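Annotated in TrEMBL:
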TRANSMEM  41-62  transmembrane segment
TRANSMEM  82-103  transmembrane segment
TRANSMEM  124-145  transmembrane segment
TRANSMEM  165-190  transmembrane segment
TRANSMEM  202-224  transmembrane segment
TRANSMEM  251-272  transmembrane segment
Amino acid sequence: MGKEVDVSTLEAGGARDYADPPPAPLVDIDELGKWSLYRAVIAEFVATLLFLYITVATVIGYKHQTDASASGPDAACGGVGILGIAWAFGGMIFILVYCTAGISGGHINPAVTFGLFLARKVSLVRAILYMAAQCLGAICGVALVKGFQSGFYVRYGGGANEVSAGYSTGTGLAAEIIGTFVLVYTVFSATDPKRNARDSHVPVLAPLPIGFAVFMVHLATIPITGTGINPARSLGAAVVYNNNKAWSDQWIFWVGPFIGAAIAALYHQIVLRASARGYGSFRSNA
């Protein structure tokens, strides 16, 4: 005889030990009258500013240290290397997500915000304000790097994302789609209410895998595109550097991350969490 078994209730003696938050309204005008929204927007702006300042400064510093004309014959052995650059990006995401998660959710990336919007985790109003704050913060962060290192900034490429020589546009786009999928999929998994209920004794668990995902994606895609996976990061560098190549490739660093984020949102919400959200159930014979 067949019976319906919802896999989301198979823990804790048949009762859930977690609760899924209700979907965010598509448009929440009342949100505009709440200080908590503007506090979160400010947090996103500051976090993205700090993220771009530290990471782009690391890139410029590395290129200067490995420039034989500036650092001498030992230049090839200098600098933090690609590994160090990847750690700078991943480490800053870990730090900033940890610092801002309780205020804004710690998005620091329009692609992450877009994915969470598709999953009804944030309203359209909040998503638009977050993305605007992230892009403005990124521009200001890169501008600080240029202001403090004006002699090196333009000389060493301004930290701008471009498809590297030898790689096609399609390869660059695919790298951005897959890299952003890894990041946003990790965000969904690390912040899943079901996982949080099991791992509530480990308060830094969510920022850690998110930062590590950024680190791993950078190792794989720095040689291809310089690693975008964050439209605000790419836009901020392009605006301040203002180079034709950076602008002509800019669409890749918006289309790719948004496609990757959308795929990750659909995969997590509809495939992995389908039963918990009423999309379906498993049937077993007993």
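Here the Cβ of each residue, glycine as well, is placed from N, Cα and C on the backbone.
Comparing 82-103, 124-145, 165-190, 202-224 for CB pairs under 8 angstroms to the transmembrane segment (41-62), the maximum falls on 124-145. A contact between the transmembrane segment (251-272) and the transmembrane segment (165-190) is present, since 3 or more of their C-beta pairs, 6 or more residues apart, lie under 8 Å.
A Cβ distance under 8 Å defines the sequence-distant neighbours of the transmembrane segment (202-224), meaning residues of its chain 6+ beyond its ends; these are 82-83, 85-87, 89-95, 97-98, 101, 106, 163-164, 167, 171-172, 175-176, 179, 182-183, 186-187, 189-191, 196.
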